[in-house]
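Colleague: Mind looking over this structure? Questions follow.
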Amino acid sequence: MTSAAITPPTTVDRPMTDPFGRTIDYLRVSITDRCDFRCVYCMAEDMTFLPRADLLTLEELDRLCSAFIAKGVRKLRLTGGEPLVRRNMMSLVRSLSRHLKTGALDELTLTTNGSQLARFAAELADCGVRRVNVSLDTLDPDEFRRITRWGDLERVLAGIDAARTAGLAVKINSVVLKGSNEDEIPSLMRWAHGLGMGLTLIEVMPLGEIGEGRIDQYVPLSLIRARLSANYTLTDLPDSTGGPARYVRVEETGGRLGFITPLTHNFCESCNRVRITCTGTIHTCLGHEDASDLRRPLRASPDDALLSAAIDQAIGSKPKGHDFIIDRRHNRPSVSRHMSVTGG
């Protein structure tokens, strides 16, 4: 794809602000719902994916992202599914990198399972990507296979090595699963910090299909923090990225440890983000079923007037907060869509 025909964003007169005064300057875009893993907390093993014809083209994704950048988005994260499995996705990254060069965008990054990083890390760095988040829940090969169902741990570790060699900063995201990897968190933390990588722990979120097994995966991160505090000195850090994580410095390792706790302590008061699916649906809250179609106005006109108005309307309906709960009585999720569709 080429970016020559795409109008660059103009100067932003006023950033996007939701009804509660929160500035929206962070966009997460799922460029595919497909993935080469089948993580137990993310999707079904026999997952039915969207027909490829339903997905926005790479050119449409570029135009959509650029429209948000023109309206004040400063940070753009590409997600999935697994973003690196989408064919020709690097052409999208290279095209979007023009906004880094003009200064319209501060950061272009992505979240990945790491399986394709060895192949793409150098090119990502060449496009101006400076850091990536890698989803990795365990360093035990057998447990890794149980969690991901299809994954190869050595391939992910090779991808992380390639990313670091290419000069990319790497942060590890780990979903803590009761009876699975909860006892491995200290060793995972020491490994990550030993390589100069941050680690962020995430509570299981009630999205998609949840049965008894899924419900029983949940463990509150307050418990994990208490366990860590018995052997490590955790010092709260005042700095925040404006996102959901709350950080501590682990004095014994010198590394940073984050906690994302949507069930036990939500992060809504400082929410600065919206999510777009690979079909052009905008979700202004991860924990609500709210949705607005941006594909229709995107395709209705060659200019962005209709699209811009639709974005404004969606931002204007962003809720104050979510109500994530795990409904044990009815085995119902708070949100019916899978994380792989919403974008992790």
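From the backbone N, Cα and C atoms, a Cβ is placed for every residue, glycine too.
When I checked Swiss-Prot for this same protein, it listed these features:
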- 19-239: domain 'Radical SAM core' (DOMAIN)
- R28, R77, T111, K171, R273, V274, R275: GTP binding site (BINDING)
- C35, C39, C42: [4Fe-4S] cluster 1 binding site (BINDING)
- Y41, G81, S135, M205: S-adenosyl-L-methionine binding site (BINDING)
- C268, C271, C285: [4Fe-4S] cluster 2 binding site (BINDING)
Colleague: Where does S135 (S-adenosyl-L-methionine binding site) sit by DSSP, helix, strand or coil?
Modeller: strand
Colleague: For C35 ([4Fe-4S] cluster 1 binding site), list the number of other Cβ atoms lying within 10 Å of its Cβ atom.
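Modeller: So the number of other Cβ atoms within 10 Å of C35 ([4Fe-4S] cluster 1 binding site) is 24.
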Colleague: Quick one: pull the CA-CA distance for C35 ([4Fe-4S] cluster 1 binding site) versus R273 (GTP binding site), whole Å only.
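Modeller: Checking the Cα atoms of C35 ([4Fe-4S] cluster 1 binding site) and R273 (GTP binding site) gives a distance of 23 Å.
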Colleague: What is the separation, in Å, between the Cα atoms of R28 (GTP binding site) and C285 ([4Fe-4S] cluster 2 binding site)?
Modeller: 11
Colleague: Nearest to C268 ([4Fe-4S] cluster 2 binding site) in three-dimensional space, by Cα, is which of the binding-site residues R77, G81, K171?
Modeller: R77
Colleague: Which value does the mean pLDDT take for the domain 'Radical SAM core' (19-239) in this predicted structure?
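Modeller: Averaged over the domain 'Radical SAM core' (19-239), the predicted model reaches a pLDDT of 95.
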Colleague: Between T111 (GTP binding site) and S135 (S-adenosyl-L-methionine binding site), how many Å separate their Cα atoms?
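Modeller: With distance taken Cα to Cα, S135 (S-adenosyl-L-methionine binding site) is 7 Å from T111 (GTP binding site).
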Colleague: On the three-state reduction of DSSP, what should I expect for C268 ([4Fe-4S] cluster 2 binding site)?
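Modeller: Going by the DSSP assignment, C268 ([4Fe-4S] cluster 2 binding site) falls within a helical segment, counted as helix.
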Colleague: For C285 ([4Fe-4S] cluster 2 binding site) and V274 (GTP binding site), determine the Cα separation and express it in whole Å.
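Modeller: About 7 Å separates the two Cα atoms.
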Colleague: What is the interatomic distance between the Cα atoms of G81 (S-adenosyl-L-methionine binding site) and C42 ([4Fe-4S] cluster 1 binding site), given in whole Å?
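Modeller: A Cα-Cα distance of 9 Å.
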Colleague: Can you tell me which of the binding-site residues R77, S135, M205 is spatially closest to C42 ([4Fe-4S] cluster 1 binding site)? Compare CA atoms only.
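Modeller: Closest candidate to C42 ([4Fe-4S] cluster 1 binding site), judged by Cα separation, is M205.
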Colleague: Between the Cα atoms of C271 ([4Fe-4S] cluster 2 binding site) and R77 (GTP binding site), find the distance and write it as a whole number of Å.
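Modeller: Rounded to the nearest whole number, the Cα-Cα distance is 15 Å.
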Colleague: On a simple 10 Å Cβ count over all chains shown, which one of the binding-site residues C39, C268, C271 is most densely packed?
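Modeller: Answer returned by the neighbour count: C271.
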